[in-house]
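Taken from TrEMBL, the feature active site, proton acceptor applies to Asp375. According to TrEMBL, the feature active site, schiff-base intermediate with substrate maps to Tyr460. What TrEMBL lists as domain 'Copper amine oxidase N2-terminal' is 74-143. Annotated domain 'Copper amine oxidase N3-terminal' per TrEMBL: 162-256, in sequence order. Taken from TrEMBL, the feature domain 'Copper amine oxidase catalytic' covers 304-706. The signal peptide annotation in TrEMBL covers 1-19.
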Amino acid sequence: MNMKTVLVLLLLALATIFALVCVLLTRARAPGACQHQPPAQEEADDGRSRVFADLTPEELAQVVQYLRGSLGVPLADAAHAKPSDNCIASVDVQLPAKAEVLRFLDAGGARPPREALAVLYFGAQAEPNVTEYVVGPLPTPAYHRDVTVQKYGGKVPYHRRPALPAEYKQVAEFFKIQVFPAAPSFMHQVMEYDGANLAAVTAAPRGSQSGDRLTWFIMFQNVSGFFLHPVGLEVLVDHSSLDLAQWAVHRVFYNGQYYRDMLELESIYVQGGVHVEKVRRAPQDGDFSSMRPRAPVAATFPLQYEPQGPRYSVRSNHVIFQAWSFAFGMSVMTGIRLFDIQYNGERVVYEMSVQEALSVYGSNCPGGMSTRYMDSSFGIGRYASPLVRGVDCPYTATYVDMHTLHEGMSSSRKTTALCIFEQNLGSPLRRHYSNLQSLYYGGMVNSALVLRSITTVGNYDYVWDFVFYQNGAIEGKVQATGYTSSSFFHGNGLQYGNRVWEHTLGTIHTHFVNYKVDLDVGEVKNSLVAHDMAFEMAQAPWNPEQQIERPRLTEKVLDTEDQAAFRLHSTMPRYIYFATNQKNKWGHQRGYRIQIVSFAGDHIPEASSMERAISWARYKLAVTRRKEEEPTSTSIYNQNDPWTPTVAFADFINNETITNEDLVAWITAGFLHIPHSEDIPNTLTVGNSVGFLLRPYNYYNLDPSIYSPDGVFFTSEQDFMACEVNPITCLSQTASCLPSLPPFTYDGFQNISRL
């Protein structure tokens, strides 16, 4: 082979290699499937967060089996129980005392025994009552103890029990068999009743004094979005008797007029004395109330994805994200709750949880005007709805199933009840562009971790978020959506809302949400400090004749619970923070500031006979000493007997000292909602969001986000097109893949509203 041939072959080989390299580079830049790498954090989960974990299906089954064999009384299945039966209403985890948990987490102490809290209805006893038992140790129960008197100071009267689904089914049968047949002409000619075309919504509380179980049931057309289709008929039912045969109609309302019962309504109707407002029968899809899109499918909306996979990890009930770590759970009654929240290995919050969601309605119809919903009684966690990928949460979020036991003998699995995701909020967390003296740009994308649950309690959907920012701040917020409640439009209805359809009055109402935040800033014991600003008049040092209005910092240590209880309309210092005796590098007490985002007005006049049951809503912020005997600001039993509340938050505030003590912040946020035409078919989350932030205040020596790998910085003297200088430049290579999306799934529809 001569030299010329060798050169030709060599050139061909080089050309082939060059072409291959070009192909590989092209493929590297072309969109393809993202290669999801393991999360950045690979710390082993040693199982310590299990001390806060919800009960497993196996544990729930063991508790039920133990109770059935150990109480010495028959237990009916709550799904079918009569009021005169004994049954298990719910089983949830019984959290250990904080001191026990901290000894285990921080001091190498023994793991606290795992226990359950079982709520039982005893309708078959001589004195029917509600009893709460602590059952343990799990997974093999060997003991139970009655904690009712210890928790509430006495037995819980039976009339205070939250209604079971079985009771609503029994009410539905009562309507079909006894109520509606008493007015056949009216029901057929006016309501066009066919046995299935009416849906009912319960009002609450039930009556006007302790011992009552009198409920207004509001009738709607049973179509999609039935909450917007009132028909003008409301019935007050006395279902206080444990004998279903003794239930009775107490009053009837139709189109502005009241009647003794359905017989009287029928009699006056056939005589022509009832003013009838005939409601056009709506199609099954609800027409105006349907959420069916009115536009065809077009271009796909933007999607969020993680080019190298999630930067957080979820192991059992434990989450790690950047410098954050925390445990999570879901209470059947109060919903999402977080524990042992740490940043850079330091505990900031021991517990952060939802306590209550309250709505107070106005109307000129009886059901609406008497409604004060306390959603924990219905079950905020119980009604956690399955989350829809790509709408309720980003498509590629991590979805977590939950297991609960309520109103039955076996646990139920709530699929996709929680989602966890990192979200690029589309704006900088911080940034500065300098074109004076030195030339540079510095900034950081605001990417935060979100833990979300959405609960649908009747007509309303609440989006519960806890957001963890890279600067050490935490946000708790709730967004309200779903269907607005409505009343039948008649008479002076416009004094109580806006007319939103022909026969539909969107009724004025308030939303109040209460949170418990057990901050442990630097250590367990903290003090509460207030900073604000005041103007002082000063002479200019360089010119005594010149006056300057100079802002100066004001400081006050709030020594007692009374000083730390800020009523809704009172002035609250703009900077209020939990402070530790530890100091940062600059000599300041390390602290975390509480910043509330709320538009709440009056909750209810304090002269009201039921105000003490919701007295937590008097305060936008109240800080009290932490006590094991004050675990919650309210009770699930307050809804059905607010006149003698089982728990009255106002009693927590008794002027105890709060200096260098273990403290809890009780935070209330809320807003007024006057429904309007744009709330049809659904109320929007935009503008209907309230909550709070916990922000580091001299806790660190400088902004901790400066240590985040997400920061970007380059100067005029650097090559900002180089990847090692500016990683944003190379996104076309590092983030050019397409996500491999999991298949869409959805589980869970249930309808218990037909009459």
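Just so you know, glycine gets a Cβ as well, placed from its N, Cα and C.
All annotation found in TrEMBL is predicted automatically rather than curated by experts.
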Item to complete: Mind tallying the domain 'Copper amine oxidase N2-terminal' (74-143) by DSSP state, helix then strand then coil?
Response: 9 helix, 27 strand, 34 coil
Item to complete: Give me the mean pLDDT over the domain 'Copper amine oxidase N2-terminal' (74-143), rounded to a whole number.
Response: 97
Discussion item. Let's see if you can do this one: DSSP helix, strand and coil counts over the domain 'Copper amine oxidase N3-terminal' (162-256), in that order.
Written reply: 30 helix, 29 strand, 36 coil
